[in-house]
C-alpha cells in the first residue's frame with residue numbers, strides 16, 4: 001500500500017442522470033420531454049389509435065425551454081421517453097458586468113458568476129432597467145441537462 005493521498009473531483013450532482021425514463025402514454029401537456037436531445041415543455045399531445053399491426057402512437061409538440069424553438073416527435077405510447085430533470089432556483093442579482101455576465105447571490109451566501117444575461121428582450125430590458133434604478137431584483141434560473149438560463153424576474157423592492 002502507498003502512503004499517497006487520493007484526491008477525487010467532487011461533483012455537485014453525484015453522478016445523477018440528466019434525464020429519467022417515462023412511458024410515452026403517461027406524458028401530459030405542460031410536462032417535460034427530451035426531443036432531439038433538447039429539453040422541451042410539452043404544449044400539445046395527441047394519441048392515435050392502434051393500427052392493424054401495432055402500437056398506439058403519441059405525437060408530442062414541445063417548445064425548447066432554453067431557445068423557444070418548436071420541436072415535434074412521434075413515439076409509440078408503450079415505449080419509454082426521456083424526461084429531463086428541470087429545476088428552478090431563485091438568486092438575488094448583485095451585479096451586471098460589461099461583458100453580459102451577471103453576478104448572483106446564492107442561498108448559502110456564495111456568488112454565482114457563470115450566467116449570461118438572457119437574450120430575450122422582454123426579460124433583458126426589465127433586468128437592466130431595474131438594476132440601473134437600484135432595485136432589489138431576484139432572478140429565477142432554470143437548469144436542465146447541464147444548461148442554465150435566467151427565465152423570470154421578481155422585484156422585491158428598493159434597496
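Just so you know, glycine gets a Cβ as well, placed from its N, Cα and C.
Those TrEMBL annotations? Automatic predictions, nothing curated.
Because the structure is a prediction, the values reported are computed rather than measured.
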Pick from 1-21, 22-42: which range has region 'Disordered' per TrEMBL?
1-21
Restricting attention to the domain 'Translation initiation factor 5A C-terminal' (85-154), give the mean pLDDT.
87
